[in-house]
């Protein structure tokens, strides 16, 4: 999927990822943080707007972003995900209640690892991360 | 000749298929054949000896009637030239038996008769051949009236296009529709074509050309008109191509309807539907977000709780909310939000149960056997909660911690409009063990299952041989 780009998940032994959560609803953000930490990942921050997300990503350089689409201040998760992908090569998992907000062009530009529909089922996020880790692992390294 | 020599020649006169009357140059009737008498509803004796306009007085209500003068003039011309004279098509109403006048149109030929052997050049009589054309004249008038009425009522215009000359004959409504001023003299179709919207121009011309190539083919037009004042009108045209019987030219005749108000209404309906779809999408988004928030709050509560029992209760609440939430994810996958493709939804529910129950029974698998069935959303939500309870129950109580086994969810039609849901496990714990379960949460589970079965309008059937089997029968 993301063939050739610099980002690769850490090897399976050191599975802990640095994850940025981009979500403006604090309950959902804290729940995602809890779930990610339970999986052994490291949440580097919670951003409620696109601007904040880009700022935090520049500072902490996460391996992965979990991105909601409709953010606070009317900003859009797509815009943050695009900058993260284009400028820092950070991939996103989009988690939203309405996937149709993402146009085909945006999707092509962001190249999300996966798009998950809210509400998340228990364990759905964990399985999604496992799946993309497997499919994104370099086969010849 | 011998056979006919004895025959009264009047027989031929009477047998003629055309209506004929003979009168003298001063319009006194000498003879009338049977066809003539029948056509005018008169007996020969009522006519012979009378002057024409004594026998057929003009309709006093027809002020234009100068029939007598015209007939006299035509007769005078026959006498003067010795040649037949055709009279212009004319109306001469005929008084019927009851005294009323019937509207009649006539085509008349006056031919000379030379009956005086001593003066063979002198016209002695005139044979007046009359053809009643009332029906065809009135028919044409009725057609024209119908056409005018239709155009008046429905903003219709009529047109006749001659592709060879480019001439366009049409009713004035067409000029108005295309935005031509009443004074403008437009003769060619090109001036009309130039006002067709550029996006519709090509297709419209192609369609007209196509109709022109095949005589008798139907023409269908649907285009926008750009008027000089900047306004746009929508037009719909129907017609066909015909060959003119006189010129042999192909012409396209038809009507054009101003469909602007229809199209504008359609447009605003489309916009309204679009706005509605957007609203539904927005509401859908909020519902999903809210459900996510609820499960997130429960998750947070559960992880913050030290007490194992309280934690288990919160987890049970989370899975119940998730069962409802999963329906919403399936709900807006297609146009119909009032019903759910339950088989597709069950796949999601199974995933969710797999994930949330994985800690309960590590060796236990969930199997699905579901027919493609659509259910109303309310029923689907109730059903999913029932499946959630039953499967959770099997995981909790049917298996020992190290057991392997399977829980099978099946949903199928069972004759008529009855659907049966079955959740079966092959667990080892005996039925008595299960019946003795007294923990508060499982007690709630049992009550929920009973309540949900009755909500579905169904009946429950429980079987405790070789594992545990619960069936809920409910109407579609």
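Glycine residues also receive a Cβ, built from the backbone N, Cα and C atoms like all the rest.
The model shown is predicted, which means the values in this text are computed figures rather than measured ones.
Per TrEMBL, the features are as follows:
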- B:143-211: domain 'PAS' (DOMAIN)
- B:219-271: domain 'PAC' (DOMAIN)
- B:282-476: domain 'Histidine kinase' (DOMAIN)
DSSP assigns the residues of the domain 'PAS' (B:143-211) as 37 helix, 13 strand, 19 coil
What average pLDDT is reported by the model for the domain 'PAS' (B:143-211)?
84
Going by DSSP assignments with H, G and I as helix and E and B as strand, what are the residue counts for the domain 'PAC' (B:219-271)?
12 helix, 29 strand, 12 coil
